[in-house]
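Student: The feature transmembrane segment is assigned by TrEMBL to 92-119, 125-142, 177-204, 253-273, 285-306, 343-362, 374-391, 411-431, 438-454, 469-500. The domain 'STAS' annotation in TrEMBL covers 524-717.
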Amino acid sequence: MEHVTSEDASRTPTYHVERPVYNEAYLHADLLHRRVRTPRTVRNWCCNSELSVICCFLPILTWLPSYPIKEYLFGDIVSGLSTGVMQLPQGLAYAMLAAVPPVYGLYASFYPVVLYTFFGTSKHVSIGTFAVISLMIGGVVVREAPDSMFMLQANGTNSSVPSLIDTEARDARRVHLAVALTSLVGINQLLLGLLRFGFVAIYLTEPLVRGFTTAASVHVFVSQLKYLFCVKTRRFSGPLSVVYSLIAVLKDITSTNITALILGLTCIVFLYGVKDVNERFKAKLPLPIPGEIIVVIVSTGVSYGMSLFENYQVDIVGTIPSGLLLPAAPDFSVLPNLVTDSIAIAIVGFSMDISLAKIFALKYGYSVDGNQELIALGLCNFIGSFFHTFAVTCSMSRSLVQESTGGKTQIAGFLASLVVLLVVVAIGFIFQPLPQTVLAAIIMVNLVGMFKQMRDIPLLWKTSKLELAIWLVAFVSSVLLGLDYGLLVSIGFAIVTVIYRTQSPKSMILGHIPNTGMYCDVDEYQESIECTGIKIFHLNASIYFANSDLYINTLKQKTGVDPTVLLAAQHFQKRKSQKQEKRRRKLEKKHTVVRLSMEKGMAHELVGGSQVLLDVQGNGQVTESQTESDSEETHFLRTLCAVHSIILDFTPVNFIDSVGAKAIKSVIKEYAAVDVHVFIAGCSRTLLDELRTLLFFSGPVTPDIVFPTVHDAVLHCQHRRPRPSSTVV
C-alpha cells in the first residue's frame, strides 16, 4: 500500500510503501498479466500500411494540404530568395572543388533541391552543393582521370617545350565520373533507407564528424590556394595530398599573379567583414547582407570592364552554356572502381544532413525520419545524376540563412531552386568573366565556421578525453591519409573506443543507506553501509560474449569470494581432517596400550615419534597437548561463514546473450557448491523475456532467485538467515 503525504507547500512530500517481498515467480504467475492483443486483419493492415507508406514516402502530403498561406508564405518567399542568392556563388565555387566545370554546380543546386521538397522531412535544411562532399568527389575524379591522361605535346617530340592539357576531354571525362559516382551514392543511400538503416549515423559520433569536417576544411583551404595565387599546379589525391599540394604551391609561389591575389584578398576581407556584421547585428537586420552575391556581381563587372583575363591573365570561369542539358544515363561501366568511395560519400552526406536536421527539428518542435532522409537524399542524387548533377547534401551556412530569414517549410528551398533555374536558363552567360580567385575567396571564407570547431579541443580536454582522442584521430588521419582512408580509420577507432568502454566498466559493491530503500557505492559514500553477510555487486555494462568473463572475474574480485579458492581450501581441509582422524585413531590405539601398561604398575611411557606427552593423573585419566590449528584454515572458515548471499544488481544490464546467460548460470552453481546463494535484482521485463528465451530458468536456477528491486532481495536474504546486527529497514 502506498501513502503519499504533503501537508503543506513547504514540506517535502514523502511516501510509505508496505508490501510483501516480491520475487519473479510471484510476479509472473500472480501479480502481472499480459494484455490480450487483438490481431489485425490482413485487410486492415493493408489499408493502413498503404496510406502510411504513401505519406512516409511523400512527406509533402502531410504538410502541404494544411499549409497556412497567410502565416508562412511571406517568410518562405523572403527566405527562398535569400538562400537562392547565396546558392548561386556557392554552386559555382563548389563545382571547382568537385573538379567539374562551374555550370554543373548550378545544376546540382537546382534538381536535387526540387526533389527534396517532395521527399525530405526537414523544413529548414538547404540541400545542394557542400564543400566536404564536393572535395571528396573531386578527389575521386582526379584519381580516376588525372591531368597526365590528357597531355598534349606542344611541338612534336621536343621535350623542352612544356606539355599542354586537353581540358575539354579532361573535363568531359571528369563529369562522366562525377555523375556515375553520384548515381552510385544515390543507390547506396536508397538501399540503406529502404532497409531501415538510418541508425548507421550513430556510428559517426559528433566528435568524429567535427574532427573529420575540420580536416576536410584543411583540404579545401589548401586546394584553393592555387586559385587564390593563380598558379598552375596539378591536383593531388590520396595520402599526404595536402602536403604535396602545399609544397607544389610554395614551389611555384614566384609565378603568383599579383592582380588575382589582390582581388582575392580584397574579397576575403570584404566577405569576412560582412559575415561579422551579419552575426553581430542579426537581431537588428531584417535580412542578412548578401555579401557573396555582391562580391560576384562587382567582381564580374570589374573583370569584364578591365578585361582581366586578356590584359592580366587572371583565370576566369569561362563558358557557361545557357539552358538545361538533356537527361542522359550515367556511364555505369566505371562503377566498379567507385564502390568504396560511394559508400564513404553516402554515409558522410547523410550524417551531415541528419545531424543538422535534428538540430532544427528539436528547436522548432517537429520530427525528422532518418530513414526517409536517406531515401530523400538517395533520390536527389540518383535521379539528379541523370540530369548531370554531382552528389549533394545540406549546407550549414545556407541552412542557417534559410532559417534566420524566416523560412518555415520546404517551400523556401523550392523557391531558392527557382532562382538558380532563372540564372541557368536566362542570365548564366553574365558570370562568364567571373575570376576564379573570387570563387576561391568565397570558399575560404565559408570555411571559417568549420575552423572554429578547433575550439572543441580544450572543451573536450575538460569533459571527455576519450572523445577528444576520437576528434584528434579523425582530424589527423583525415588530413594525412585523405578523406576516404581517414574516415575509415576514424570509424574503426570510434568502434575500438566502444569496445574499450565495454571492457572497462565501473564496478562497485553497494551498501544500504539507513532508513531508505537506496543502495550506493560503499567506497564512494560514507553513509553507505554493507549488509552483514550480503554482497551486492553492481557493474555498469550489459553481459554478452565480449565481457562475460570480465563480469565473472570482477564479481569474484570485488566480493572477495572465489568459489574455486574456497573449494580448494575445503578439499584441503577435508584431507587434513582425514589425516587427523587417522592420527586420532592411532593415538587411541596406543592409549589403550598405555592403560593396559598402567594396570601393571607402569608410571610413565613415552610413545616414540608421536610427539604426544601422556601424563598419568591421580584419577587414572590421560590428557593430550596438541599444536595450534592452521591460521589459513581459520581465515578460510571465517570468510566462508561471513558471506552467505550475493546479489547481482542487473539494473544497468540492457541485454544478455547466450554466452552471458551461461556464464551467470555457471557462477550461480559455483557459489551454491560453497553454500553461498546468488540472487538477481533489478531485471527489466525485456531482459527477463530474453532470459526465458535462453532457457536460463532451468535446473537449480529458478525465477525464485530474481527480485524486482535490490531491497526485495536484501530483505529476502535476511529473512533466510536473520542477523540482528544487519537488519535493513
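Just so it is clear, glycine is given a Cβ too, placed from its N, Cα and C backbone atoms.
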Student: Is the transmembrane segment (125-142) close to the transmembrane segment (374-391), in the sense of at least 3 CB pairs under 8 angstroms with a sequence gap of 6 or more?
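Tutor: Touching, yes - the transmembrane segment (374-391) and the transmembrane segment (125-142) meet the threshold of 3 or more Cβ pairs under 8 Å.
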Student: With a Cβ cut-off under 8 Å, give me the same-chain residues at least six positions beyond the ends of the transmembrane segment (438-454) that come close to it.
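Tutor: Same-chain contacts beyond the ends: 89-90, 92-94, 96-97, 102, 131, 210-211, 213-214, 216-217, 220-221, 224-225, 227-228, 263-265, 267-268, 271-272, 275, 292, 295-296, 299, 317, 396-397.
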Student: Go through the chain and flag residues at least 6 beyond the ends of the transmembrane segment (125-142) whose CB is under 8 A from any CB in it; none is fine as an answer.
Tutor: 83, 87, 90-91, 94-95, 97-100, 105, 108-109, 112-113, 116, 174, 177-178, 181-182, 213, 216-217, 219-220, 223, 235-238, 241, 338, 341, 344-345, 348-349, 352-353, 356-357, 360, 377, 380, 390-395, 398-399, 401-402, 413, 416, 443, 446-447, 450, 482-484
Student: Using Cβ atoms and a strict cutoff of less than 8 Å, what residues sit near the transmembrane segment (469-500) while being 6 or more residues removed from its termini?
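Tutor: Long-range Cβ neighbours of the transmembrane segment (469-500): 132, 135-136, 139, 203-205, 207-212, 214-216, 218-219, 237-243, 340-341, 344, 347-348, 456-457, 460, 546.
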Student: Same chain only, please: residues at least 6 beyond the ends of the transmembrane segment (177-204) with a C-beta under 8 Å from a C-beta of the stretch. Say none if there are none.
Tutor: 98-100, 104, 137, 140-141, 144-145, 330-332, 334-335, 338-339, 341-343, 345-351, 354-355, 369-386, 388-391, 491, 494-495
Student: Going along the chain, which residues at least six beyond the ends of the transmembrane segment (92-119) come within the CB cut-off of under 8 Å?
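Tutor: Those are 57-60, 126-131, 134-135, 137-138, 141-142, 171, 174-175, 178, 220, 223-224, 227, 235, 296, 317-321, 324-325, 372, 375-377, 379-381, 383-384, 387-390, 392, 410-411, 413-414, 416-417, 420-421, 423-424, 428, 431, 434, 436, 439-440, 442-443, in sequence order.
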